[in-house]
Amino acid sequence: MAGNVKKSSGAGGGGSGGSGAGGLIGLMKDAFQPHHHHHHLSPHPPCTVDKKMVEKCWKLMDKVVRLCQNPKLALKNSPPYILDLLPDTYQHLRTVLSRYEGKMETLGENEYFRVFMENLMKKTKQTISLFKEGKERMYEENSQPRRNLTKLSLIFSHMLAELKGIFPSGLFQGDTFRITKADAAEFWRKAFGEKTIVPWKSFRQALHEVHPISSGLEAMALKSTIDLTCNDYISVFEFDIFTRLFQPWSSLLRNWNSLAVTHPGYMAFLTYDEVKARLQKFIHKPGSYIFRLSCTRLGQWAIGYVTADGNILQTIPHNKPLFQALIDGFREGFYLFPDGRNQNPDLTGLCEPTPQDHIKVTQEQYELYCEMGSTFQLCKICAENDKDVKIEPCGHLMCTSCLTSWQESEGQGCPFCRCEIKGTEPIVVDPFDPRGSGSLLRQGAEGAPSPNYDDDDDERADDSLFMMKELAGAKVERPSSPFSMAPQASLPPVPPRLDLLQQRAPVPASTSVLGTASKAASGSLHKDKPLPIPPTLRDLPPPPPPDRPYSVGAETRPQRRPLPCTPGDCPSRDKLPPVPSSRPGDSWLSRPIPKVPVATPNPGDPWNGRELTNRHSLPFSLPSQMEPRADVPRLGSTFSLDTSMTMNSSPVAGPESEHPKIKPSSSANAIYSLAARPLPMPKLPPGEQGESEEDTEYMTPTSRPVGVQKPEPKRPLEATQSSRACDCDQQIDSCTYEAMYNIQSQALSVAENSASGEGNLATAHTSTGPEESENEDDGYDVPKPPVPAVLARRTLSDISNASSSFGWLSLDGDPTNFNEGSQVPERPPKPFPRRINSERKASSYQQGGGATANPVATAPSPQLSSEIERLMSQGYSYQDIQKALVIAHNNIEMAKNILREFVSISSPAHVAT
C-alpha cells in the first residue's frame, strides 16, 4: 500500500480546520482503545450566524481570491478553480440572504447553515494561513503547500455543490432532499428523520448498527472518504454522494474497502490535471489506470487510463457501480494496471446478486392494463421490452435498451421528467399472480450494537493517509452487510377503471416502487401471463400517401396543451380533440427543425423495427392533418417526454414534484440525434462517458432536477377544472382515446394503402460504450444543439403501435408539476391506450387491405339529433359531440358528462386554426 500513501500525499490538506493536537498517537489510541464519549456528540457547538458574520466571511473570501490572483501563482483554469469557486459561493450566499430578507433569525437558526458558515470561515482562514506559511513555496507547482491549496480548492468545490444542493435557488430544502438510493434513503429517514446534517459520531454509530465498522481506524478512514467538506459533520448531501459512489447499499462498506482502502488505483482528492500528470509516468504502459471522485459530477467516478495509442483519457461510468465498470474494462483490455502495477485486484467477489426488487401488480391493476390492451411491465417507450431498470431518484421505469439509447443520443436527465439521473437500479415486474397479495416482499436483518469509537484526534492534515495505509495493510475481506432492507413502497400506479366511472370517489394514487433488484429478462413480453378477452379490434383508416416529404415550419403554437393520445392528436386535458381541417403537423413543435434528407431503412440496422415513435418527444398532428411525408425511417414522439405530468403516482408527488419545465425542443433534439447520429466515436469502455480536458462548470446534485431548460410557452386553459391527479382524472381514459383517435382520423382520412408494420421502422443506433466529455459544458442540464435527423412518415399502423405507450408514461414512475405563472395546465395530458400485439397485427393486416371499420357510419336517431342540436346551441362543436357519443356508445347522458369534462366551450383553441 505504499502507492496509496504516495498517491494521496497531501490529500488531507483541508483537514478539519484545527491544529490536530493528538496526531498519530490519537489515531492509534482510537484504533486500539475505543472509548465511550456520549457526553457531547457534536464536535463543537456552532457559532451564531447573522448578517455581520456572513459579511465578515465574504471579506475573508475576497482576501483569498486576491492571494490566488497573484500572477506568480499561475493557477490553471481547470476544476477545481478557486477563482471561480469562491465568487460562485459568494453569489449563492447573496441569493440565500435575499431569500431570507427580514427572516435572518430563521436562517441563523438553521443548523446546516450555521455549520456551513462556520466551516467556510475556517477554510478561508486556513487558506490565508497557508499562503503565510508557505511563502515562496506556494509558487512552486509541485510543492506540498501548493498541493494543500489544491485540496482546499476541492473542499471549496464540495462545499459549493452541497450549498446548492441544500439551498437550491436560495431556499432551504435540506429536509426534503431526495437521497438517490432507496435503501440509503430509508436508513437516513429511520436514523435521523428529516435532519439535514448530523455530527460524525452520531452518523458513525447509526451506520455501525447496519454496516458494522470493525475498528476505530476503519472509522477514521471512512470519515476521510465521506466527509467531503471536512467539518466533522455528515450532511444528507454527503451521505447521498457516498452511497452512490459505493453502491449497492447491501454491501456498502465491503465495496468501500475493496475500492477505496485496498485498491491501488484509488486516488483520494485528486483533480483532473493531477490524474493526467500521474498517468504520464505510465504513458508507455497502455491499460494503466487510476480512478477518483469526479469533482464536477459529485457522486460519480472518473476513471483515467492510458490508451493503446498513448493517449490519456478520463471517463465516467454510466448506470453501473464502479466495480462493474472496472471488471468490464479489464475484460475489454482498458483497465489492466492500477497505478501502473502489474497486479490488478479481482473485484468479481463484489458482483454477488442483490435480492430482486419484485414489483407486483394487483388484480384490479392487471385488469385495467388488460382493458387498455397492455401490461404494466411493458416499457412505455419502446412498447417491446419489459421494464427492467429504475431511474433514481425520480423513480421512472423503462427498459435498459431505451435508457442506453437515450443516453447515447445525448439526452439530458430522465427521458420522462428530465430530473438528473443520479443512479439506476435493476427491477423486475412480475406478471399478475392471483394467489399473491400484490405487496412487496422485503427482507433485512439487524446488525450488531454500535461501538463508540472516539476519533477526536483526526484533525491533522495527513493523518488520514497514515490511517488509510495502516487500515489497508491489515484489511481482510469483509462479508457483505446483512442489511438489505428496502423502504416500504406501495404498488405501481395505474389508471382508473372505466366501469367505475360513476361510482368511484377520488383515491390517492399509489407510488412507484423503489428498491434494488436484479436485472429482468426483457424478451418475454408477457407470453406467460393470462389475459382476459382482449379489447374489441378498432381498425384505423389507411395511412396517408407516401409521396410528399414532411415539411417543418414555425407556425404559431396552439393555445392549448395537447393530449398525448396520438402522434398527431394532442388536445387539452379538459377538451375533446378538435378536428382541424388545415393545421399542419408541425404546429405543435416549439421551434423549427431543419429539414433533413430522406433515407431508407437499413435492414441491418440494430434498431430496425424498434418503435422509436414511442419515444414521444415530438407531438405530431393527426394523420389527416399532417402533410404526407416520404416513407423514411421515422422518428416518433411521446409527448410525455416533454410534458411533466401531475399524476400522484410516486413518493415525490406533491411538494417534491416541482421540477422545472423543459422545452419540447430539447427532447426533440435529443431524439433527433438518436435517429440520425454521426459516426460513433472510437470504441471506449462500455456504458461510460468520458471527460474532456477541462471541466468548466460545477454540477450540483440536488433535491431538484438539474435539467433546467427555458420553459416552453404555455397554452392557458379556460376550463376551470380542478387539478385532480391520477385516478379521478382518468376515469374515462382507459377506453376513450383510441376511439377518439379513430373518429378524428377517419373524419379527414384518405383512402390510400400503404405498407405498414414495425419492419419498416428504423433509426440509427450507435454502438456500445461511447464516451462523452466530463466537460461541464456537456453537463446534464444543458441540451445539445439539434443533430440533423431523419424524419419519416408515420403510417397509421405505426400509430396503432405507438398507441402502446402514448400517455401512459407517467404511470411508470415519478410525476412532476409542469407549472409556471398563470399558464399552468390545470391537468396533465390524457393518456392514450395501446393495443396488445394480436390486435396490433390484425389492425396492420386490415390496413394493408384497405378494410376499415367506421364507428360513426350510421346516422344518429331523431332523438339523438335533437340532443345534438341542443348541445350545439350550447356552444359545443358537432365533431366534439360526435366523438363523445361514440365514446359513450350513444349514451347521451354520458356524452354530456364527457363534453363537460373535456370540452371548454369558450376556448378559442377549440376552433381549428
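A Cβ is built for glycine as well, from the same backbone N, Cα and C atoms used for every other residue.
Of the candidates S235, S258, S490, S667, Swiss-Prot records phosphoserine for S667; the remaining residues carry no such annotation there, which does not rule it out for them. Swiss-Prot records phosphotyrosine for one of Y272, Y672, namely Y672. Record note: of S582, S692, Swiss-Prot gives the feature phosphoserine to S692, with no matching annotation on the rest. Close to T229 (Ca(2+) binding site) in the fold, though at least 6 residues off in sequence, lie F116, N119, I155, H158, M159, E162, S235, E238, each with a CB less than 8 Å from its CB.
Distance between Cα atoms for R292 (4-O-phospho-L-tyrosine binding site) and D227 (Ca(2+) binding site): 15 Å, as a whole number. Across the structure, D227 (Ca(2+) binding site) and Y369 (phosphotyrosine) place their CA atoms 47 angstrom apart.
The separation of Y369 (phosphotyrosine) from Y233 (Ca(2+) binding site), Cα to Cα, is 48 Å. All protein chains included, Y233 (Ca(2+) binding site) registers 25 other Cβ atoms within 10 Å of its own Cβ.
In the three-state DSSP assignment, the secondary structure recorded for Y233 (Ca(2+) binding site) is strand. Under the DSSP three-state reduction, E238 (Ca(2+) binding site) is assigned to helix. Residue pair Y369 (phosphotyrosine) / N231 (Ca(2+) binding site) shows a Cα separation of 52 Å. Highlighted in sequence order, V115, N119, E162, I197, W200, I226, L228, C230, D232, I234, S235 have their Cβ within 8 Å of the centre of the Cβ atoms of D227, T229, N231, Y233, E238, the residues recorded for Ca(2+), and are not part of that set. Taking H, G and I as helix, E and B as strand and the rest as coil, DSSP gives the region '4H' (45-173) the counts 96 helix, 0 strand, 33 coil.
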